Amino acid sequence: MKHNSFIPNKNVLTMLALGIISLSACSEATNSTMAPVNANASSAGQTRSGDHPPTFANPNTTPFSPQTAPQSAQAVQNMVNIPAGTYTIGRDDGPAIEKPAHQVTLPAFKIDRTEVTNAAFAEYLNAMKIPVNKNFEGGYATRDDLPPESVRLLMEEERGGGLYPIIALDDPQARIGYQNGKFVVNEGYANHPVTESTWAGARAYCEWRGGHLPSEVEWEAAARGQDARLYPWGNSTPNSSRVFVSGRTGVTSEVGSRPAGASPFGALDMSGSQAEWTSSLLRPYPYNADDGRESADSPDDRVTRGGDYMYDANADTLTATHRKGFSNLPYRGHRHIGFRCAG
């Protein structure tokens, strides 16, 4: 991760030189009983009733369609169904950040079977018709490659907000480059999870595709099922047939490569591989969708889920309950964080 890739408070053109910009809108709950919390639509990546969630839809972007975005369309077709019901969130025998165990009630929804791939995200970049001066390989974008006129691609947001890039293409671990008039994936990485996408970029992609970035409780419900298991596959110890963890920078694996690690609903790679952005702000449990933690306006840390291939070889960080906070600020693309969409 390059923390100097995007510098806050610089002018727009400086930021454009190093990344692709989108416009984003830049309480503690009560006591820990096991009474269900109704998360309903608020938990589905939305703000509480009465707020106006920002839109990340750029009117100049080509609408999503199976013809122009076949990889993304296939991901939509492959989404798994998560039934309506009451789900246990967190655990009492884990780290303090995962306590207390409590229940939330969710409506039925869908979630991607695998993490969003480099190939799928490149389809979104191509739909944005971003002006680029010259070819570059993923991980080697420079100021000369992305010209000032890219400012046309600033995303619109209903109430104003901060400037956010979509993806840090200048980081050495980015796998999307530009060749002969289109964004393309570095050879051998098309079916690997996208790297260096920002939180705003994850939201923008999911909205373009007609979905949303899942809340952390949607994510945990999809990973854990309704039997409060510790890992997506059950309660047995993680091993290499269930989880991909390389411990080496940039050494990722194709999505879906560990079918033995599937969740009860068939979602893959929810332990290891990339950590995954959620819509939720990092706040203490119990989860309450109406306490501000689903607001898109805050610059505070967003929850990531699922552990990751670089840092989380420990069994305690590969659980379905594991949660961590990462910055969603403009200069925070991460080589070990990806995402999946819900709908």
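Including glycine, each Cβ sits where the backbone N, Cα and C put it.
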Where TrEMBL places region 'Disordered' among the ranges 134-158, 284-308 | 284-308
Mean pLDDT over the domain 'Sulfatase-modifying factor enzyme-like' (77-342): what is the value?
-> 87
